[in-house]
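*Asks:* Just dropping this structure here.
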Amino acid sequence: MVDEILKLKKEKGYIILAHNYQIPELQDIADFVGDSLQLARKAMELSEKKILFLGVDFMAELVKILNPDKKVIVPDKSATCPMANRLTPEIIREYREKFPGAPVVLYVNSTSECKTLADVICTSANAVEVVKRLDSSVVIFGPDRNLGEYVAEKTGKKVITIPENGHCPVHQFNAESIDAVRKKYPDAKVIVHPESPKPVRDKADYVGSTGQMEKIPEKDPSRIFVIGTEIGMIHKLKKKFPDREFVPLEMAVCVNMKKNTLENTLHALQTESFEVILPKEVIEKAKKPILRMFELMG
């Protein structure tokens with residue numbers, strides 16, 4: 001099946017982009033594996049006009065927004081993000097009225113419709129820097145409450161998180177899990193995603209996005225790392241650092257990320273059916289806050 005996918009990909013002129021949380025078999029056939037922003041930026045650099053995207057809907061849409069002239073297809077239309085879907089345009093409008101003048105900073109894990117109402121987009125890697133560089137002591141931030149609280153801690157600014165209980169179910173780790181792994185691996189370094197709850201972040205050695213997690217073993221000579229994010233990241237790290245050991249903090253599985261399989265990836269290439277289509281107006285409006293992020297980050 002892998003050979004068939006690679007053959008069809010070449011014949012039809014597709015590039016395969018896969019998120020870090022995809023199953024190992026899909027990461028291995030991808031031309032590029034990364035976080036949502038790395039993938040969107042990669043798509044902008046490509047001369048190829050056809051992209052098969054392996055991730056969830058908001059990520060595929062981000063690629064389309066930044067590459068409106070390219071054809072973007074996905075293997076499963078139902079692969080979505082429950083956290084992104086919790087935030088609605090109505091909630092954003094309501095908070096804009098409550099806090100006039102406060103910029104709306106939306107995490108990239110948000111719907112395209114919501115992005116059209118944002119002042120700036122951020123990622124888990126640059127959220128702290130983006131908020132720091134905004135000329136405002138108060139920001140409205142969504143949809144991840146934990147990331148918003150982390151940003152508040154690091155910037156000293158007032159961060160109003162929306163919606164009320166926005167969080168990623170996959171990253172709801174237990175602080176006790178860190179105690180347990182420290183007993184089992186006393187020399188290990190613990191790295192957790194900023195979407196984790198505060199008690200977990202406070203007990204970790206490092207807090208970072210998946211892109212940042214990849215850089216830590218380059219600087220830290222530890223032999224064992226405990227990873228607090230979706231299980232797919234373990235494969236990426238083991239591949240990059242074969243001489244180190246990577247242990248999951250907990251068995252954190254994103255069921256939506258795992259909806260993509262070798263079978264439906266092959267089917268996507270055969271039929272080219274699930275194309276990502278967005279209204280022109282949404283693309284134009286959602287692109288502005290994304291470009292603002294690039295501007296702020298220099």
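Backbone N, Cα and C define each Cβ position, glycine as well.
Below are the features I grabbed from Swiss-Prot:
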BINDING   His19, Ser36, Tyr107, Val108, Asn109, Ser124, His193, Pro194, Glu195, Thr210  iminosuccinate binding site
BINDING   Cys81, Cys168, Cys254  [4Fe-4S] cluster binding site
*Asks:* Where Cys81 ([4Fe-4S] cluster binding site) and Tyr107 (iminosuccinate binding site) are concerned, what is their Cα separation in Å, rounded?
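*Replies:* About 12 Å separate the Cα atoms of these two residues.
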*Asks:* Going by C-alpha distance, which of the binding-site residues His19, Asn109, His193, Glu195 is nearest to Cys168 ([4Fe-4S] cluster binding site)?
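*Replies:* Going through His19, Asn109, His193, Glu195 one by one, the closest to Cys168 ([4Fe-4S] cluster binding site) is Glu195.
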*Asks:* Whose Cβ lies within 8 Å of the mean position of the Cβ atoms of Cys81, Cys168, Cys254, the [4Fe-4S] cluster site, other than those residues?
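*Replies:* Checked against the 8 Å cutoff, the neighbours are Val56, Pro82, Met83, Ala84, Asn109, Pro169, Val170, His171, Glu230, Asn256, Met257.
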*Asks:* Measuring Cα to Cα, how many Å separate Cys254 ([4Fe-4S] cluster binding site) from Glu195 (iminosuccinate binding site)?
*Replies:* 14
*Asks:* At a 10 Å cut-off from the C-beta of Glu195 (iminosuccinate binding site), count the other C-beta atoms across all protein chains.
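*Replies:* Result for Glu195 (iminosuccinate binding site): 28 other Cβ atoms within 10 Å.
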*Asks:* For Cys168 ([4Fe-4S] cluster binding site), which DSSP three-state class applies?
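*Replies:* Going by the DSSP assignment, Cys168 ([4Fe-4S] cluster binding site) belongs to neither helix nor strand, so it counts as coil.
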*Asks:* Using Cβ-Cβ distances, find the residues under 8 Å from His193 (iminosuccinate binding site) that belong to the same chain and are at least 6 apart in sequence, listing them in sequence order.
*Replies:* Ser124, His171, Val207, Gly208, Ser209, Thr210, Met213, Gly228, Thr229
*Asks:* List the residues of the same chain that sit at least 6 positions away from His19 (iminosuccinate binding site) in sequence and have their Cβ under 8 Å from its Cβ, in sequence order, or write 'none'.
*Replies:* Val33, Gly34, Asp35, Ser36, Leu39, Leu54, Gly55, Val56, Met59, Gly232, Met257
*Asks:* For the iminosuccinate binding residues given in the record (His19, Ser36, Tyr107, Val108, Asn109, Ser124, His193, Pro194, Glu195, Thr210), what is the largest pairwise C-alpha separation in angstrom?
*Replies:* 18
